[in-house]
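Below is one structure, written out as structure tokens; comments come after it.
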Amino acid sequence: MASPDLSNAYNGRIDLGSLANNASINRALNDMPTAVDDAGVRPQPPIDLTAAAFFDVDNTLVQGSSAVHFGRGLAARDYFTYRDVLGFIYAQAKFQLLGKENSQDVAAGQRKALAFIEGRSVEQLVALGEEIYDEIIADKIWAGTRQLTQIHLDAGQQVWLITATPYELAATIARRLGLTGALGTVAESVDGIFTGRLVDELLHGVGKAHAVRSLAIREGLNLKRCTAYSDSYNDVPMLSLVGTAVAINPDAQLRSLARERGWEIRDFRTARKAARIGVPSALALGGALAAAVSRRRDRE
């Protein structure tokens with residue numbers, strides 16, 4: 001089995017002027033002083049200054065795709081056409097049935113998302129993210145993964161979400177869970193309005209490793225003392241960058257590699273349960289979104 005190319009992630013030469021995903025890191029660090037969790041508590045400064053934990057979001061912390069859950073909330077508010085809804089149904093069904101993400105699917109979804117937010121205000125999208133977190137995403141948090149984040153927090157370590165999910169949504173999830181922050185894909189905005197373009201590359205695959213490495217430099221972290229968690233083989237570059245890698249709800253390729261490398265595996269699903277709920281839950285999503293579109297058509 002061939003592993004993803006890690007050469008870029010391990011380049012020992014550091015150019016502080018060209019660190020990857022600066023936009024995501026800058027946004028996250030700028031937002032940290034104002035972040036408070038659901039209890040209104042601001043995360044405490046870390047006691048252990050050189051160790052941190054990095055968590056992927058989709059299927060690692062959140063059951064399924066956080067962007068699709070966000071899409072469900074938007075569909076319920078009549079933001080989508082029938083064609084858009086079919087795309088969400090397909091993405092969710094494929095994600096649940098195959099148990100892994102596809103780079104092309106992620107990129108295609110990102111393009112659609114950028115087209116959707118173009119011309120909309122950042123404030124509006126953040127507010128929608130808050131509402132949809134309460135309505136849908138909060139109930140999709142894997143309890144086991146949530147406990148792992150708390151273990152690191154209790155140890156006085158920074159805990160970061162590292163995800164291709166749009167920064168605004170990722171930051172909302174991190175803040176509501178009392179985590180240190182989130183690195184996500186950053187969409188460009190001018191005067192508070194999204195332009196429909198990205199500031200940096202999609203935060204996915206090797207890009208996550210670049211971002212973690214850059215964050216470690218900024219925060220003075222020792223990557224050998226850090227831990228990373230993911231469900232996806234696409235995140236092997238990030239998992240390989242730290243001292244401790246943990247496969248959470250892993251896809252088949254990651255499970256095989258984790259066994260080969262002696263990485264810990266934690267599966268908060270069961271094979272029987274995953275097989276049983278995969279298709280029905282995808283169909284339920286399709287029914288819910290189709291109903292939303294039908295209501296919209298009736299009104300039109």
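Along the chain as shown, residues are numbered 1 onward.
Including glycine, each Cβ sits where the backbone N, Cα and C put it.
Swiss-Prot lists ASP56 with the feature active site, nucleophile. Secondary structure at ASP56 (active site, nucleophile), as computed by DSSP, is coil. Contacts of ASP56 (active site, nucleophile) defined by a Cβ separation under 8 A and a same-chain sequence distance of 6+ are given as LEU161, ILE162, THR163, LYS208, TYR229, SER230, ASP231, SER232, ASP235, MET238, ILE248, in order along the sequence.
Every protein chain considered, the tally of other Cβ atoms within 10 Å of the Cβ of ASP58 (active site, proton donor) stands at 22. Residues annotated as active site, proton donor in Swiss-Prot, with sequence analysis given as evidence: ASP58.
Residues or ranges marked as Mg(2+) binding site in Swiss-Prot: ASP56, ASP58, ASP231.
Counting every protein chain shown, the Cβ of ASP231 (Mg(2+) binding site) has 26 other Cβ atoms within 10 Å.
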